[in-house]
Number of protein chains: 2
Amino acid sequence: MAHKSDIEIAREANKKPIQEIGGKLGIPNESLLPYGHDKAKVSAEFIAAQKGRNDGKLILVTAINPTPAGEGKTTTTVGLGDGLNRIGRKAAICIREASLGPCFGMKGGAAGGGYAQVVPMEDMNLHFTGDFHAITSAHNLLSAMIDNHIYWGNAEDIDIRRVTWRRVMDMNDRALREIVCSLGGVANGFPREAGFDITVASEVMAILCLANDLEDLEKRLGDIIVAYRRDRSPVTCRDIKADGAMAVLLKDAMQPNLVQTLENNPAFVHGGPFANIAHGCNSVVATKTALKLADYVVTEAGFGADLGAEKFMDIKCRKAGIAPDAVVIVATVRAMKMNGGVKKEDLGTEDVEAVQRGCANLGRHIENVKSFGVPAVVAINHFVTDTDAEIAAVKDYVASLGSEAVLCKHWAQGSEGITELAERIAEIADSGMAQFSTLYPDDMPLFEKIETIAKRIYRADEVLADKKIRDQLRQWEDAGFGDLPVCMAKTQYSFSTDPNLRGAPTGHSVPVREVRLSAGAGFIVVICGQIMTMPGLPKTPSAEAIRLNDDGLIEGLF
Amino acid sequence: MAHKSDIEIAREANKKPIQEIGGKLGIPNESLLPYGHDKAKVSAEFIAAQKGRNDGKLILVTAINPTPAGEGKTTTTVGLGDGLNRIGRKAAICIREASLGPCFGMKGGAAGGGYAQVVPMEDMNLHFTGDFHAITSAHNLLSAMIDNHIYWGNAEDIDIRRVTWRRVMDMNDRALREIVCSLGGVANGFPREAGFDITVASEVMAILCLANDLEDLEKRLGDIIVAYRRDRSPVTCRDIKADGAMAVLLKDAMQPNLVQTLENNPAFVHGGPFANIAHGCNSVVATKTALKLADYVVTEAGFGADLGAEKFMDIKCRKAGIAPDAVVIVATVRAMKMNGGVKKEDLGTEDVEAVQRGCANLGRHIENVKSFGVPAVVAINHFVTDTDAEIAAVKDYVASLGSEAVLCKHWAQGSEGITELAERIAEIADSGMAQFSTLYPDDMPLFEKIETIAKRIYRADEVLADKKIRDQLRQWEDAGFGDLPVCMAKTQYSFSTDPNLRGAPTGHSVPVREVRLSAGAGFIVVICGQIMTMPGLPKTPSAEAIRLNDDGLIEGLF
């Protein structure tokens with residue numbers, strides 16, 4: 001069925017006016033702020049008025065460690081949302097917004113794929129409703145105000161060698177990673193080392209995604225630590241008096257965006273923090289709003305379950321006071337084979353033993369998810385080359401762990417191909433069998449939190465950290481930040497910190513290179529490996545081929 | 001009547017749904033792309049379909065040289081639009097969008113004032129419909145692609161000391177004026193001097209405002225000269241292959257924005273190039289669209305008539321193939337007094353002689369406007385302290401030049417206070433008496449074009465330019481750029497290049513410091529004095545007081 005490209009399918013979508021989609025969730029027209037005819041923001045006033053309502057069921061879609069074969073996590077999130085609607089349940093999906101910059105490097109990420117997509121695809125990969133631009137502006141206003149403060153007398157006595165707040169741009173621009181700014185003489189300030197990250201790496205992005213409302217947003221913005229004084233004490237955004245203006249710049253961006261699936265079901269697409277130095281989930285406001293308006297909310301988390309699901313549980317759920325009723329772990333036969341040692345070019349050949357060997361990675365994720373007290377179902381995202389024997393091998397393996405795997409054909413068939421999973425997930429969610437608990441309590445010492453994740457989720461033997469890092473963690477505990485959760489930044493390709501170590505490794509060590517305090521977002525970032533916060537463009541960037549064709553359609557973006 | 005602040009009046013506006021405003025111009029709902037309930041873009045398809053229709057009359061609002069007393073050019077543009085509608089004419093206004101960055105320095109510029117304003121005021125001073133963010137993205141994509149080209153082998157042999165294309169940000173950030181980028185080692189590129197301008201100073205902004213359609217936009221983007229090779233030959237945006245992707249980023253931004261006046265009349269607010277290094281007018285697309293849909297279109301140009309009106313005529317009208325049917329020159333009694341030597345603190349005291357002395361500045365502008373073959377009427381924008389004798393002095397002076405001045409009270413009374421001017425302007429525009437011609441022909445040598453403006457508009461005796469500058473102009477002529485108009489960048493406060501020289505000076509010299517080629521926008525920038533392309537923030541930026549109050553309203557922005 002799906003011989004067409006994603007963009008061809010998306011362009012053939014029979015989109016309904018966004019007011020009609022909002023109507024399915026009971027959102028009146030005046031509470032929808034339209035952006036064109038197929039996108040809208042849900043007004044803050046309407047959201048505030050839903051407070052007393054009961055919450056629907058929350059379903060998290062996560063995945064095995066990503067492989068070059070592709071797992072289809074977003075595709076499954078979209079498909080499951082459509083599937084639930086197909087079987088008569090009132091369901092909405094919640095996913096992240098795409099970053100603009102990377103679209104000009106490699107061909108852009110669609111929102112889902114095949115017959116399980118969210119539209120309008122072009123807009124979502126370009127400016128969308130301007131949220132990321134607002135975040136860029138708010139972030140850079142603070143940057144400008146810091147240098148302006150230094151310029152006009154530096155009353156806070158900021159050590160210009162210790163300004164930790166950088167600037168951001170939603171662009172892949174390696175030339176901006178490390179710069180010296182304020183050159184050119186007295187009128188331009190005091191020269192110092194500085195640099196840019198990509199917007200999705202901004203702490204403002206993480207804050208927008210974790211804040212409950214505008215008041216909470218402004219409070220968190222004020223808490224951001226931007227620099228240190230000559231006496232090493234922290235200088236906050238509030239000290240620089242930028243928090244109010246930043247909140248004003250983010251006022252509209254805080255309102256979640258509503259779009260639709262190819263099957264005209266509601267999809268909230270809002271926020272998109274990095275899944276390494278941040279928590280990698282869509283906004284709390286969108287998820288909570290969806291829970292008030294729909295009976296089932298399907299959402300996803302970044303990367304594999306070791307990073308994404310763990311952060312979803314330990315950061316987002318903990319902070320937002322929400323809990324998943326069921327978890328779907330997406331796997332593919334192809335990915336199992338790659339984990340079992342098969343090369344990408346040989347994936348088309350049946351190899352049941354390789355599938356069996358590769359299943360260990362999946363098994364570990366199932367165990368981990370269950371350790372949060374939440375039932376997990378495996379979704380086998382079907383690919384045309386999968387053989388019956390290979391699919392059976394995955395199902396048998398999952399059954400041997402006391403869980404179940406369901407074959408899903410939503411990519412090719414839309415909701416029709418995923419009704420079995422939808423039925424099963426609805427049943428589990430309705431059963432109330434989930435007994436969610438976070439992995440560690442708030443009051444556990446910070447280093448122990450890191451060890452808990454490393455040992456219980458990554459199955460490492462030890463965490464390696466030098467005295468400087470341990471001292472830093474203790475200092476933050478003394479300063480009142482000990483209650484914060486930790487946000488692990490490591491490779492997404494392995495349970496370990498070695499991206500080439502597939503499967504389900506044990507006995508490894510987790511070396512902590514650096515720790516960072518995101519006092520506004522409310523977590524401690526633990527960096528285990530090289531983390532790139534400003535990507536570069538490839539030798540032949542996709543931008544070179546992006547253009548408007550004679551019909552006014554965008555070419556080369558997908 | 002108008003005891004309230006601009007923002008209080010704006011917030012009390014009885015706004016109509018934007019579809020109703022579009023309906024007044026015959027724009028069907030499906031051709032309006034809404035941004036919330038009170039803003040919309042007019043679709044490119046609809047605009048293209050209007051091609052065969054006749055144009056309405058075009059009225060330019062310009063002013064005397066600005067003084068600290070404030071003249072109210074935008075206020076008069078808005079008021080005249082409302083006035084024309086009040087007397088039963090179908091009129092629309094066309095003004096520029098506001099830049100975000102400066103709002104965080106000094107209190108923000110409203111769109112008009114008193115009872116002659118465009119709403120929604122907050123949105124227009126913040127992100128509005130995202131046009132400036134799109135321009136920032138397009139500009140910086142090109143910047144990133146240039147450094148990326150150099151990084152991956154520099155096939156074009158770009159001299160990294162001669163990259164003329166900078167980066168932009170819509171922010172007042174002096175620390176970014178001069179930077180060294182690509183530091184930090186091999187992976188980050190080749191270190192070089194670079195810097196940021198504010199977005200409104202981007203050539204992309206000027207291009208968006210002069211392009212006729214998307215095709216023209218892409219062509220102009222491709223023409224931008226971004227650097228020079230080691231052999232001194234120019235490298236264009238097309239050589240870097242960024243033009244297509246930039247056009248894609250600007251696709252939505254090219255569609256003009258429709259909002260409304262306090263009296264619910266249609267207002268196009270689109271584009272906002274600098275009035276010094278660029279031409280300072282709203283977009284050609286908006287003006288041409290308005291001319292197709294309304295019988296009268298009232299628009300404005302940046303700064304005083306010596307800069308703004310001249311560029312409107314010689315750049316915008318020349319390139320767009322449009323012509324004004326009437327010109328309004330805004331003056332105030334207070335500004336005449338300041339030109340007559342009165343200090344700002346003494347403006348409240350009647351001083352008819354000072355008014356008479358200061359009228360010379362106005363007289364010069366009247367003469368200049370008439371030299372383009374267009375009838376000019378003076379609008380005396382009334383201020384409460386003006387005395388009858390002072391107003392009579394202005395009227396008498398203007399009458400002595402064979403022109404007329406009309407007292408306007410739109411600030412306090414809305415359209416009711418400006419019906420006399422509206423009637424007179426409609427009469428003049430309908431009469432067809434305008435015989436528009438540009439000041440100089442395309443084929444005049446570039447230096448002669450500069451001399452023509454300096455002598456005929458500024459009334460200077462001579463243009464001073466060293467051999468290097470004259471040689472540069474000749475080189476551009478040899479390279480095929482001789483047909484371009486020139487875009488003067490000088491102080492707006494005086495006919496001369498000395499900002500303190502008020503009135504109507506003669507016998508002065510115009511020293512040319514630098515010339516720049518804007519090959520995409522299609523003009524030669526002639527810089528006569530210090531031009532700031534990246535402002536800084538003041539010691540106590542207004543951002544410190546900007547916040548959301550307990551009612552969710554923005555405080556401190558106005």
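Each residue, glycine too, has its Cβ placed from N, Cα and C.
Note that TrEMBL annotation is computational and uncurated.
Record features, source TrEMBL:
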| type | residues | note |
| --- | --- | --- |
| BINDING | B:Thr67, B:Pro68, B:Ala69, B:Gly70, B:Glu71, B:Gly72, B:Lys73, B:Thr74 | ATP binding site |
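Features per TrEMBL, on structure.
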| residue | record | contacts (Cβ under 8 Å, 6+ apart) |
| --- | --- | --- |
| B:Thr67 | ATP binding site | B:Arg334, B:Ala335, B:Met338, B:Asn339, B:Tyr493, B:Arg502 |
| B:Pro68 | ATP binding site | B:Met338, B:Lys344 |
| B:Ala69 | ATP binding site | B:Thr332, B:Arg334, B:Ala335, B:Lys337, B:Met338, B:Lys344, B:Leu347 |
| B:Gly70 | ATP binding site | B:Thr332, B:Arg334, B:Ala335 |
| B:Glu71 | ATP binding site | B:Ala63, B:Ile64, B:Val330, B:Ala331, B:Thr332, B:Ala335, B:Asn381 |
| B:Gly72 | ATP binding site | B:Gly113, B:Val330, B:Thr332, B:Asn381, B:Trp411 |
| B:Lys73 | ATP binding site | B:Val61, B:Thr62, B:Ala63, B:Glu300, B:Val330 |
| B:Thr74 | ATP binding site | B:Ile95, B:Ala111, B:Gly112, B:Gly113, B:Glu300 |
